[in-house]
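Read through the structure below, which is laid out as structure tokens, and then see the notes.
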Amino acid sequence: MADTEDKSAELLDKVEGEAQETQDTEKIDEKSGLEVEDKLPGTYTDEKVQVPETLEGDSFSLTYDIQQGNPFPENPNAPPELHQLTIRALVVGTFLGSVVASSNIYLGLKTGFTFGAQLFGAIFGFAILQFVSKMMPEWFGGGFFGPKENCTVQTAATAAGGMAGMFVSSVPAMYSLSLLGKGPEEDFWRLISFTAVSAYYGLFFVIPLRRFYIIYQKLVFPTSSACALTIHSLHSGAVAHSVMKKKVWSLSISFLVSIVLRVLSDYAPGILWDWHIFWWLYQSGWKGAIAAENWGWWIELTPAFFGVGFFSGLNAATSFFLGTVIAWAVIGPIISKTGLAPHFSVISPGHTDWRSYSSMSLQSSLNPNGFDPIKTSSPRYWLLWPGVMLMLCSSFAEVIMNGTLLWVGLKRIILVIYYKIRRKEIPVFKNAIKDPAPPETQIPAWQWIPLLIISIIFTCLVLTLQYGINVGLALLSILLGFIFSFIGAQSSGATDVNPVSICAKSSQLIFGSISSAQRMDEILAQRLNLIAGTVASSSASQSVDMIGDLKTGHLLGAYPKIQFYAQVIGSFFSIWLSVALYILFNKAYPCFTAQFMPGYPSSQKCVFGAPSVASWRAVASAMTNERLPVPSSSGYASIILGIISALVVVLKYSYCPEKYRVFIPNFNAIGLGFVVPQTHYATAMFIGALVAYFWKKSKPVSYDIYALSIATGFAAGEGMGGVINAILQIAGFSGSTYGTIVGCPYESWCG
């Protein structure tokens with residue numbers, strides 16, 4: 001017995017030593033208090049997250065070291081917060097989350113990008129409830145509004161806006177492969193149940209991990225910490241309040257301007273939205289300019305992706321633009337001219353010089369409306385495979401090169417489980433802090449354990465009865481969800497990056513291997529690949545959002561059980577909202593699914609490129625078809641580029657000094673440039689990143705006040721404008737009916 005305890009103590013010391021080594025290698029900026037480099041995949045952010053260390057008010061000043069992990073000290077001049085969970089906080093938070101969900105459906109179908117609701121919910125929630133608290137009587141929503149209730153608002157917003165990702169990727173992919181019913185309206189209840197299991201399983205099983213990640217490991221969760229500091233500063237006095245008032249106004253104005261521009265531009269797309277510069281040059285006499293127009297090179301005045309450039313940073317935005325140029329200005333024309341990808345479509349029968357090379361209509365070459373994906377592929381289909389391989393190989397290489405951090409976390413959690421099983425007191429980790437939340441404010445086991453068991457049973461029932469997936473594979477998807485949650489939380493807590501994309505592709509590869517080994521029917525194999533993969537990746541994404549919210553609440557002194565209730569309520573509305581939004585967009589723009597199906601006219605353009613749908617669909621098809629549906633030349637290029645991307649990542653971490661790594665291209669973003677057929681998104685992001693870079697260099701104070709608020713407003717506003725346009729499209733009042741074609745090629749509506 002003593003030997004066992006000695007060994008476990010030795011193991012604990014070893015883990016502590018490795019953890020300390022890892023911590024010692026982190027570079028902390030003395031001015032900002034935090035500097036975390038994006039080292040893991042899953043997003044395209046490469047800029048370092050900076051959190052200010054000092055917040056000052058009229059009568060309260062906070063100097064805080066974010067690395068210590070302790071809650072902020074209470075403002076002694078503020079009245080006590082007696083109510084953290086209020087109807088007004090839940091209503092406002094859910095509403096703001098629905099705005100973000102709407103925007104994410106729109107943005108996700110455009111390029112696969114989505115953004116979180118934390119800062120949007122925190123700032124806008126403050127603006128709304130600060131007004132309500134002062135203008136309304138206490139019995140009708142008025143009364144004191146403090147930082148802990150503000151935390152409830154952003155928690156509900158995060159939960160309500162958190163389930164949109166699956167509806168811009170795997171769910172449309174299933175419809176494009178005819179794995180579900182005729183349409184989402186017919187499958188409404190199937191989609192509701194499927195979304196519910198993806199939402200609640202991940203939400204419930206992360207509860208016991210709060211203490212591990214936040215108390216024992218003291219992971220920073222940079223965005224969550226920044227959100228907590230933002231909320232704290234909103235409530236810290238007139239000086240800080242003056243700065244935050246500017247943030248609120250800049251967010252509000254950019255949000256409204258973006259909505260108005262997106263709606264009005266639908267009625268004059270050639271003037272207010274798409275500038276077809278090469279078409280105009282062609283009209284003026286430069287006949288060679290039509291080639292650039294045919295390959296999709298024009299400018300789009302998209303505030304959302306201009307704002308995304310602020311978030312992503314110069315390295316990632318430049319890499320995305322570089323990938324777009326390589327794919328759609330170099331490789332694309334070469335493979336088209338040499339016959340490796342000869343398929344193209346004439347957009348207008350009367351104008352044979354106006355063509356499109358971005359068709360994804362997979363049809364037999366005998367059908368003039370389609371192409372054989374292997375023998376006569378289109379450039380877009382040919383480029384899809386190198387793009388996916390670039391993202392996969394570079395992402396896996398990033399995870400492997402940062403494996404020490406994950407391994408330390410894994411060994412720590414094994415030790416915690418070991419001591420729990422032995423019913424011994426869990427040893428204190430080095431630098432661990434005391435849990436400041438009193439027992440009565442934490443989530444009792446009798447609340448989350450039964451709900452976790454019910455969610456597991458419900459997941460198995462839904463996957464078995466509605467989708468024909470056996471219980472064993474359903475349980476495997478749940479297990480993978482737990483593993484991916486651990487990886488995502490560890491990564492997000494340390495580097496602010498949740499590697500959702502690599503988790504999703506990993507689950508597809510695992511279930512694809514299983515279906516091949518069991519020689520499943522192709523339809524069942526593809527359904528398993530997409531359904532089980534979605535459950536695993538979506539539950540992991542939801543759990544990482546939850547643990548991030550708990551970090552925000554921990555710093556603000558909010559009650560964990562209050563946040564848990566807000567998450568449960570927000571997730572409930574997210575389930576219904578996400579399905580409803582998907583039905584809305586599918587009814588308004590059925591092309592975003594139909595463009596991947598046999599029989600879709602290749603000459604018909606779609607306003608949504610849906611690159612995530614193409615990626616999920618491609619992996620599912622590749623893993624389940626007897627014959628790999630990849631042109632041989634594309635396959636060879638994929639292997640070569642995949643190897644190059646992995647080698648560059650390995651060399652970057654092995655030999656390149658950290659200060660020079662920012663100059664090494666992000667191959668994940670380069671791969672995205674291959675997958676997204678619309679070049680104007682990369683152009684807009686690149687311009688946005690350049691503006692942000694020079695703005696930050698020349699006027700850093702102004703940048704810190706306004707930049708992220710404006711970028712968030714632009715992204716959310718365009719998405720909301722897209723929802724309004726979808727409603728107008730269904731109602732028959734869209735720009736395609738009542739708009740002008742001035743500025744559009746060949747007098748054809750280009751919205």
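Cβ from N, Cα, C; glycine included.
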In TrEMBL, which of 212-229, 248-265 is tagged transmembrane segment? 248-265
Counting Cβ pairs closer than 8 Å, which of 188-209, 248-265, 304-331, 667-693, 705-728 has the most of them with the transmembrane segment (85-107)? 705-728
Could you check whether the transmembrane segment (445-464) packs against the transmembrane segment (667-693) - three or more CB pairs closer than 8 Å, residues at least 6 apart in sequence? no
At a Cβ cut-off of 8 Å, and with pairs 6 or more apart in sequence only, do we get at least 3 pairs between the transmembrane segment (188-209) and the transmembrane segment (705-728), yes or no? no
Please report, as numbers and ranges, the same-chain residues at least 6 past the borders of the transmembrane segment (705-728) whose CB is under 8 Å from any CB of it. 99-100, 102-107, 115, 119-120, 123, 243, 246-248, 250-263, 266, 302-304, 306-311, 581, 584-585, 587-589, 688, 692, 695-696, 734-735
With pairs 6 or more apart in sequence, are the transmembrane segment (381-401) and the transmembrane segment (636-655) linked by at least 3 Cβ pairs under 8 Å? yes
Which listed range (248-265, 471-489, 564-585, 636-655, 667-693) shows the maximal number of Cβ pairs under 8 Å with respect to the transmembrane segment (304-331)? 667-693
What parts of the chain pack near the transmembrane segment (636-655), using Cβ distances under 8 Å and only residues at least 6 beyond its ends? 385-386, 388-390, 392-394, 396-398, 401-402, 630, 661, 664-665, 667, 670-671
